[in-house]
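K.L.:
The structure follows.
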Amino acid sequence: MGLHPLEFSECYLDSPGFREKIKSHEAELEKTNRFIKELYKDGKNLINATKQLGMAQRKFAQCLGEFQFEYIGDAKTDDEKCIDDSLLEFSSFLKNLEDQRELMMRNITETLMKPLEKFRKEQLGAARAERKKYEKETEKYYSSLEKLLNMSAKKKEPQLQEADSQVEVMRLHFQEESLDYVCKLQEIQERKKFECVEPMLAFFQTVFTFYHQGFELANDFDHYKQDLQINIQNTRSRFEGARLEVNELMKRIREAPQEYRQTSPISSEGYLYVQEKRPPPFGSSWVKRYCTFVKEQKILHMVTFDHRSGGKMGETESVTLKSCVRKTTDVLDRRFCLDLDITDRPGTVLTVQSMSEDDHKFWMQAMGGKEPLGHYLGRTCSKERGIDAQLDDLGMGFVQNSINAIEKRGINDQGLYRVVGVSSKVQKLLALMIEEKSHEVDLSTSEEWDVKTITSALKLYLRSLPEPLMTYGLYKDFINPAKSGSPESRFQAIHCLVHKLPDKNQHTLGLVLKHLANVADHSKQNLMTVANLGVVFGPTLMRPQEETVAAIMDLKFQNIVVEILIKQHQKIFAGAPESCPASGGPVLLAPTRQSKKVARQNRPLAVYNPQALDIKSVSPDGSSPTPAADDGSTGSSDSVESQPSSRSPPLATPSDTPPEKSGHTPLSSPLSNTSTGGGASHAGSAGSRETNLTGAVSSDEAQAEESVPVARKAEAVYPCEAEHDSELSFLIGAIFTGVTPSREPGWLEGVLDGKKGLIPENYVKFL
């Protein structure tokens, strides 16, 4: 059984049982007091620990945001740019989360800690004060009563009456105090049931609201995460392709290092030991210097550099060369020496020593020495592999034959073009197919050659051509658009360049790209997406004339070019463009856009407020009624405050400048109907609209529904990439049908390629 009730009538009797009941009530209040003090202490520790966690996470986020990746080369791909920005995005999400946590801690202090401490001090403290008064009145009353009872009966009557009246007054005071104390005890016993639990409810409401907002942040992050995963996968695929090329180049250089020595028509570089003569009897010394010989001016730049001294670099000395003569060993007992006649030091001969016989020949050739010149034998794929591949009728017939066979027999094979055939069989097939009788072999019906052998032979043929399909001369022109500019400007530049290719190259390239687009259309079965095909065919269709690591670092841009060619092959090969940008002209930059990252406002956390609850609005099962919402609205089971749309109309801009497309924030519904936060809703369908707390549609919307807008056709004047599922992506010249004004200012709704979505109003013109 719980505590016994304290009857007011017992205050007058003041029995031992009554006193025991009071003691049990007092003990219960004392236990409650200790509980609140302990809870308050633990709450403080929780807040401090959470603050420490927040500080650690903010420091971690700061560390993420301050680091930047360096890259090799002169440009980054779009995927690499997104990866570079990812640490800053991670930092931003963590800081946003910690902002919400800080708000949660602030609200916990206000909703849990302060109310509990206030109850302990005001209510339990008042009970203690009443107890002291009660005990004091008890002591006074019973002391005066004993004194009265001990008075002599022989006292005079007035004295006895006065004593009786004094005791009576004390008895009345004692009984009044007893009544007040009993009332206070029972009031606090009942009050603590809600005064203690209500802050607990607010605490959990605050905690769950924090986790709910974390869930909303996770939803926002999910879109970014999916895009970043694609960026990472694309970058990893390109890395694997580049790594294979680098390893192959390293292997070839290791086998014949002199053939791959870096040379240029402008200058030659390398180490030489330079003889420095000293006055007798000190003789001479040989100092290693890194030398750069500029051929046209015949200037030799020399800088002292010693690897053993920690790579310390000395001053640069420059001399002008008049002639170079090989120094024989009978004159100087050192091998690989040259005598350099210096014009700016008449009568002075500078003696240098090269590192080896090959190095000696190299410098003799570079400086115009009088020894017979060695020559550099460049490597070609066809000579290395023993295959005389040519872009002639036989070769083009082999390409068409291979494509027909692959599309008939293996278009759905997993890893098509990635799974390679046996090298000996591949070379045997290719050698057979480029002979005069190749037309007699139909690969689409021949069982002798499997699909992976055919795909490998096709790739080998394309890579064995003396010049790649996209030619050495246009290599840099193809690469440059992939390094900068908007998707539309890249497409326009590549479209123009394709039509500068020789007819045979252009025709063969068209066959290959049409086939690769067909392969990509079956990517659900063969797993070869456009990005995967770009990795495989980037170095196959285009490559630089010089094989260097720097050139291999551009392999990722080759992949991007091939991806664009595959995606846009129909438009590119439908005909030459009407106009092309001037060579070396400025690149059309992408329109100014807001970040793809969803911008979420920091909202105050929901605070439990019992006074704000409307008991009548709660249904019998305890759930809140759902506000009425029309079909297509983005309402939730919780009532939310009406928020204005976060889409703002795009700014009016000159016709030659791409406009800025406004971003938007998806609607987020808080846990409680007392939440003060809320995001702006962006409609996912034509009928989507916002509702206020009662679900009523605004008068403006009602008037808009009365007049049905006329659907029109429009043409895109700027390219646009969708930031949300409800928006449309399109290129310049795209034609939209069924275009009508959207409910959101500055936006239209229309249909493109069978998909309905939102269009920025000033990105199009009506037809």
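Cβ atoms here come from the backbone N, Cα and C positions, even for glycine.
Pulled these from TrEMBL:
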- 225-252: coiled coil (COILED)
- 630-639: compositional bias 'Low complexity' (COMPBIAS)
- 665-675: compositional bias 'Low complexity' (COMPBIAS)
- 689-701: compositional bias 'Polar residues' (COMPBIAS)
- 265-372: domain 'PH' (DOMAIN)
- 389-573: domain 'Rho-GAP' (DOMAIN)
- 709-767: domain 'SH3' (DOMAIN)
- 594-711: region 'Disordered' (REGION)
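Are these features on the surface or tucked inside, and what touches them?
P.N.:
Same-chain residues lying 6+ beyond the ends of the coiled coil (225-252) with a Cβ under 8 Å from its Cβ atoms: 77-80, 82-83, 86, 89, 260, 379, 531-532, 535-536, 538-539, 547-549, 552-553, 555-556, 559, 596.
DSSP states for the domain 'PH' (265-372), grouped as helix (H, G, I), strand (E, B) and coil, give 14 helix, 57 strand, 37 coil.
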K.L.:
When the pLDDT values for the domain 'PH' (265-372) are averaged, what is the result?
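P.N.:
Within the domain 'PH' (265-372), the model's average pLDDT equals 82.
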